[in-house]
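S.K.: Below are the structure tokens for one structure; questions will follow.
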């Protein structure tokens, strides 16, 4: 089985090294094509105005000056064009990709691009608690220990062609995980996102996008609830964003001819 791995934290990120070990536990045919620098939050962006620069690190490791989406396309349509991957893995992200995070996530986008290209794809993210050492105290062993078995089972069961799997590992050591939950995508309180104004040394303003802690109870059956209970959240996401009930309702309610505005 040929595996292509990527991420959004960059070629030197510790989570990518974790994912290389996860992939190596499943296959000896593993290729890495990852961004040259941190691409967190770039979502599914594609480089159309700048050329892609490819740096070959070794026969199986490459860095691309581009986004996670660029990396997957480069891997599938160029580096591995003679024999495309059987699986795309994206991650392991340093931090959660839960709820509406999936809209912004380069990690999830890397897996989505794999799915669009017709390859079973999985995004992996390792949660951490900001108040307990933050990134420096992240429990990478949680993903490293549990991911291989979950991925193997998913491949045996089969992943639908229009679906990308989003895995989030709770902020705890592997030994403290309480189980695996198949979940729905959650929803946070939108008021938690804010602008944090600052001032530089010359007195000029600059700004950070910041997030406050969401104090609401997570929805039942969601990815947010699962990781709060120290369970691994497995969320199937669709590439097709069509809302079928709304499509049906509007098709039935709108007139067959173009409505005219009185004026």
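Placed from the backbone N, Cα and C atoms, the Cβ positions cover glycine too.
Heads up, here are the entries from Swiss-Prot:
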BINDING   8, 9, 40, 93  divalent metal cation binding site
S.K.: If you count other Cβ atoms within 10 Å of each one's Cβ, which of the binding-site residues 40, 93 has the most?
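M.R.: Comparing the binding-site residues 40, 93, the most crowded Cβ belongs to 93.
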S.K.: Three-state secondary structure of residue 93 (divalent metal cation binding site) from DSSP?
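M.R.: Looking at the DSSP assignment, residue 93 (divalent metal cation binding site) belongs to a strand.
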S.K.: Please list, in sequence order, every residue of the chain apart from 8, 9, 40, 93 whose Cβ lies within 8 Å of the Cβ centroid of the divalent metal cation site.
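M.R.: So the extra residues in range turn out to be 7, 10, 13, 15, 38, 39, 68, 91, 94, 95, 105, 106, 107.
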S.K.: Which is it, of 8, 9: the one of these binding-site residues whose Cβ has the most other Cβ atoms within 10 Å?
M.R.: 8
